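Worksheet: one structure, shown below.
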Amino acid sequence: MTDIENKNYIIALDQGTTSSRAIIFDRDANVVCTAQREFAQHYPQAGWVEHDPMEIFATQSAVMVEALAQAGLHHDQVAAIGITNQRETTVVWDKTTGRPVYNAIVWQCRRSTEICQQLKRDGHEDYIRDTTGLVTDPYFSGTKLKWILDNVEGSRERARNGELLFGTVDSWLIWKFTGGKVHVTDYTNASRTMLFNIHTLEWDAKMLEILDIPREMLPEVKASSEIYGRTKSGIAIGGIAGDQQAALFGQMCVEPGQAKNTYGTGCFLLMNTGDKAVKSQHGMLTTIACGPRGEVAYALEGAVFNGGSTVQWLRDELKIVNDAHDTEYFANKVKDSNGVYLVPAFTGLGAPYWDPYARGALFGLTRGVRVDHIIRAALESIAYQTRDVLDAMQQDSGERLKALRVDGGAVANNFLMQFQADILGTQVERPKMRETTALGAAYLAGLACGFWGSLEELRGKAVIEREFEPSLDEVEKEKLYKGWKKAVSRTRDWAREDAE
């Protein structure tokens, strides 16, 4: 037997916005066990979001140890590790000490809005779009990195001297797990930085010049499925993909026109466009995805900033539900939202609006409105935002989706999934395997080390648990959606005067 035949497990490390997880898969792509730890969110100012990079690594290390112990496994039985991560979140650390120079600036953080406005005033918007596939928005890593270099004393000079390293969360974790030996990222994560040319597949010299970022601090960029290095205990690290691209691969959306939506803290809809980098006319991002063998493919992406976080707000701030699972019960207690629309623009609006100055609002309140209606409106807002993105994506690609594959925590909510199908007028497919993001990372690692032999083998493992068919008539569907568009229009530009 070969060495790989003696190793019957893959570990996927899923480093998310609110927690670090480790999921162990067997050869049939079944989950053997899962370990999870939450970590602190830091909000130093309105619109600012930070994480402690050391806590990210500590929790991610701990859950890997926990998962192995829980499964009764030794690291010698693991063929490889696949890593999937919250994207865009920006870490800068000292190459010698391994200590971060500042907290990780999270993808949700809007502190670099003014930097983005200056880029637009300087006429760089079209170049950024054409080269990186991205819109000029604080969401992406480049302006976050510039903020750190501008605001942490001595950091730019230290970066120029080769003393500091930059990475998205995948780079940070791999650097730590390999004891500082490997400084890499993959094409999917690099494509989210606003520093990477998605056509030449290289760091873009002009973007680095525009943002005054030293080339020396950037990681080497590699394919999403190859062996990058080994942990201190000798486990191969064999797959990397940003969380949404990992989910696309885990759903086996590897052919042009296939699409998925992940319902997490935010919502992310990706459509595979194959070897064609489609330039969006409707506010979508052009991004890099994983091809059939982990090579570069392209995708259109629409990012909704507040999905599951809207339900967290109901629970943690308004305290009108005790648990996210309760929202389905309350939403089903009423026949509709009674004309209420909740626009959860807590941190601005993502695709297709890209308005950092929009703010959240409730519309249509009357004395007849109850808590149930507001809870229902919150769930409906997730589906409406998904339609905003999907409509734009279909116009760009010229393709009509026959079905939308879904994953993420909120897909367990049957009310939301049915309303999603209704407001889209499109079948929604919920897979039996809910861990599609982690599964995508596991697939990439497994293909890299020979644990799985082919894409065909992986396709055979996909099972649809339930299909949700549209049940709303066309007139009612469009009436509801028209109300949503009206509500969104009233939230636009709300905070602009405060910022000026």
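Cβ atoms here come from the backbone N, Cα and C positions, even for glycine.
Listed features, source Swiss-Prot:
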BINDING   Thr17, Thr18, Ser19, Thr265, Gly308, Gln312, Gly409  ATP binding site
BINDING   Thr17, Arg21, Thr265, Gly308, Gly409, Asn413  ADP binding site
BINDING   Thr17, Arg87, Glu88, Tyr139, Asp243  sn-glycerol 3-phosphate binding site
BINDING   Arg87, Glu88, Tyr139, Asp243, Gln244  glycerol binding site
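Gly409 (ATP binding site) sits 14 Å from Asp243 (sn-glycerol 3-phosphate binding site), counting Cα to Cα. Cα of Thr18 (ATP binding site) to Cα of Arg87 (sn-glycerol 3-phosphate binding site): a span of 13 Å. Sorting the binding-site residues Gly308, Gly409 by the number of other Cβ atoms within 10 Å puts Gly308 first. DSSP assigns Thr18 (ATP binding site) to coil in the three-state reduction, placing it in neither a helix nor a strand.
The residues near the glycerol site, meaning same-chain residues not in Arg87, Glu88, Tyr139, Asp243, Gln244 whose C-beta sits within 8 angstroms of the mean position of the site's C-beta atoms, are Gln86, Thr89, Trp107, Arg192, Gly242, Phe268, Ala303, in sequence order. Most Cβ neighbours within 10 Å among the binding-site residues Ser19, Asn413: this distinction goes to Asn413. Max Cα-Cα distance over the annotated ADP binders (Thr17, Arg21, Thr265, Gly308, Gly409, Asn413) is 22 Å. There are 23 other Cβ atoms within 10 Å of the Cβ belonging to Thr265 (ATP binding site). Remark: Thr17 (ATP binding site) has Gln86, Thr89, Val106, Trp107, Gln108, Gly264, Thr265 as non-local neighbours, by Cβ distance under 8 Å and separation of at least 6 in sequence. Binding of glycerol is attributed in the record to Arg87, Glu88, Tyr139, Asp243, Gln244, and the widest Cα separation among these residues amounts to 15 Å.
A simple way to gauge crowding: the CB of Thr18 (ATP binding site) has 16 other CB atoms within 10 angstroms, across all the protein chains here.
Minimal Cβ crowding within 10 Å, among the binding-site residues Arg87, Glu88, Tyr139, Asp243, Gln312, is found at Gln312. Contacts of Gln244 (glycerol binding site) defined by a Cβ separation under 8 A and a same-chain sequence distance of 6+ are given as Arg87, Thr262, Phe268, Leu270, Glu301, Thr437, in order along the sequence.
Taking the Cα of Glu88 (sn-glycerol 3-phosphate binding site) as the reference point, the closest of the binding-site residues Ser19, Arg21, Gly308, Gln312, Asn413 is Ser19.
Geometry remark: Tyr139 (sn-glycerol 3-phosphate binding site) versus Asn413 (ADP binding site), CA distance 28 Å.
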